[in-house]
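Step one of this worksheet: look at the structure below.
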Amino acid sequence: MTAVAAAPFSFKDFFKSFMLVELFKGMALTGRHAFRRKVTVQFPEEKTPLSPRFRGLHALRRYDNGEERCIACKLCEAVCPALAITIESELRADGSRRTTRYDIDLTKCIFCGFCEESCPVDSIVETHIFEYHGEKRGDLYFTKDMLLAVGDRYEAEIAAARAADAKYR
């Protein structure tokens with residue numbers, strides 16, 4: 001068995017531990033940050049700017065003539081990793097398909113944006129609305145009519161966000 005030699009005595013280490021150098025370094029760091037300009041945002045009164053790619057509440061869009069854009073291709077339903085979208089469709093008299101049911105369960109949705117990216121006609125979009133709530137679970141279950149109402153109400157903001165994001169697409 002070999003004996004372990006004790007570490008040699010060092011005045012430098014003794015001075016560091018005795019004089020509490022690390023403590024004063026920490027206090028200096030705290031002191032430097034204590035007098036800097038505050039960056040806290042007082043949320044309800046002040047709002048930070050949102051990115052054009054911010055993903056908030058979903059909306060269904062319409063064409064300028066008032067017809068809904070969704071062609072019931074069901075790509076958004078297929079690509080949704082959280083299985084939050086439910087679509088049912090039927091054929092019209094002219095042979096085109098349209099949705100009879102388009103539901104999004106926001107309690108399941110992870111706001112990944114895959115539904116928006118997969119839509120070939122830009123029907124489903126995610127708005128910049130993030131201030132919404134529900135008092136019970138069913139309040140966060142959006143039907144086709146509710147999604148169309150959101151799209152109609154915020155069409156100007158949606159179009160502006162799409163235009164700002166166009167250079168990145």
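Keep in mind that glycine also has a Cβ here, set from the backbone N, Cα and C atoms.
For the [4Fe-4S] cluster 1 site, Swiss-Prot gives CYS70, CYS73, CYS76; the one candidate out of CYS112, CYS119 that the record lists there too is CYS119.
The list of residues near the domain '4Fe-4S ferredoxin-type 2' (100-129) in space but at least 6 beyond its ends in sequence, with Cβ under 8 angstroms from a Cβ of it, reads 50, 54-61, 68-71, 73, 75-76, 78-90, 137, 140-144, 147, 150-151, 154, 157-158, 161-162. The DSSP secondary structure for CYS76 ([4Fe-4S] cluster 1 binding site) is helix. For CYS112 ([4Fe-4S] cluster 2 binding site), the nearest neighbour among the binding-site residues CYS70, CYS73, CYS76, CYS119, judged by Cα separation, is CYS76.
By a simple count of nearby Cβ atoms, those within 10 Å, the most crowded of the binding-site residues CYS73, CYS115 is CYS115.
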